[in-house]
Amino acid sequence: MALKTIDALDLAGKRVFIRVDFNVPLDEQRRVTDDARIRAALPTIKHAIQARAKVILGSHLGRPKGKPDDREKFSLEPAAQRLSELLKQDVILADDCIGDGVKKLVRDLKEGQVLLLENLRFHPQEEKNDEGFARELATLCDVWVNDAFGTAHRAHASTAGMAAFVKEKAAGFLIQKEVEYLGKALGSPERPFVALIGGAKVSDKIKVLENLIAKADAICIGGAMAYTFLKAQGVAVGKSLVEEDKLELARQILERAQARKVDLLLPVDHVCGAEPKDTAERVVVNDRAIPDGLMGLDIGPKTLDRYRQRIVDAKTVFWNGPMGLFEQKPWAEGTFGVAQAMAQSPAVTVVGGGDSAAAVEEAGLVSKMKHVSTGGGASLEFIEGRVLPGIQVLEG
């Protein structure tokens, strides 16, 4: 995939619009509780500042629905404040993203200054990829840079539509890194290539599994989706979560893996409880079958050892989806055990966004991984082999 990146452009004196992903979690006092996405955009922003660009940043935050208190609830003000601290320079926050007031702020921008536009989703035209809105945003800049991998799977005005109305466009360093690592893991991985796939539903991961069966040497399954596979094999799963309407599909996936000589590993023991609560008694079931009255809530110690061994032997490891209900302590060992094993591995370790990225962050192991994706849905669609609109418009 040939992407032109921001460092290939002369930015001096130019108005450079960078689409970032500052969709960050906030507490009740509207303080940023996790600034990972802001920090992920810093290399691109700092490059533009040092290249003497007039830097204009655009992002969304949450899902405003046009209610009167939305302006306060979904304002990017907390992100502007955190960015200012990280850059150690003032960040100007506009009170809108289009209009005469914004145009004046852009006109007054000096080289190396940073202007953050207010939440793009305050305008419903953003998500509709409205041509007029995209054109109006494009009038603010000479160069358009997309560095928002988290929204690259959305064809919105600022993530894709603007590209048609600017002469110069490029990918930021974050998108470059995402495409490079996810693309390498799926395109030309060093072997053995092991994938760990977890999460609640087989239905969420069908395309991912189909794509990985064509590429991986082994796939380790965890999370609640494992019980649908086990039941499809005729194994008793107690009251574990099962997608009854996906049993035939699970059988087909198992057959396909076997036909392609891909080792598809399922749990051989389980950590169970009577209900999915952290107050439930933690029962280790030392068998593939789960007794009636119990539900599987995490992979068991023997399974974790098997999966660890696969990680140790691998040259490339890709992980997407938790191994259990890791948000609750009694059921978190499998997920954090996998994270630990990947952190200690010399292999190319790629974590595909969402809950797995959150687990790696919580365990303080981000720096030990080769790449932790910033995009939940976007990384999933990339792994499914789908075209991402926000990247497609940058190709060539």
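Heads up, residue numbers simply count up from 1 along the chain you see.
For all residues, glycine too, the Cβ spot is worked out from N, Cα and C.
Among the candidates Arg82, Arg121, Arg135, Arg191, the one that Swiss-Prot lists alongside Asp21, Phe22, Asn23, Arg37, His60, Leu61, Gly62, Arg63, Arg154 as binding substrate is Arg121. Each of the binding-site residues His60, Arg121, Lys205 was ranked by the number of other C-beta atoms within 10 Å, and first place falls to His60. A separation of roughly 18 Å, to the nearest angstrom, links the Cα atoms of His60 (substrate binding site) and Gly354 (ATP binding site).
For the substrate site, whose annotated binding residues are Asp21, Phe22, Asn23, Arg37, His60, Leu61, Gly62, Arg63, Arg121, Arg154, the maximal Cα to Cα separation is 18 Å.
Ranked by how many other Cβ atoms sit within 10 Å of their Cβ, the binding-site residues Asn23, Ser356 place Asn23 at the bottom. Looking only at other Cβ atoms within 10 Å, the busiest spot among the binding-site residues Gly296, Gly353, Gly354 turns out to be Gly296. A simple Cβ count within 10 Å picks out one of the binding-site residues Asp21, Glu327, Asp355 as the most packed, and that one is Asp21. Less than 8 angstroms from the CB of Gly62 (substrate binding site) sit Asn23, Lys73, Phe74, Asn119, Arg121, each of them six or more residues away in the same chain.
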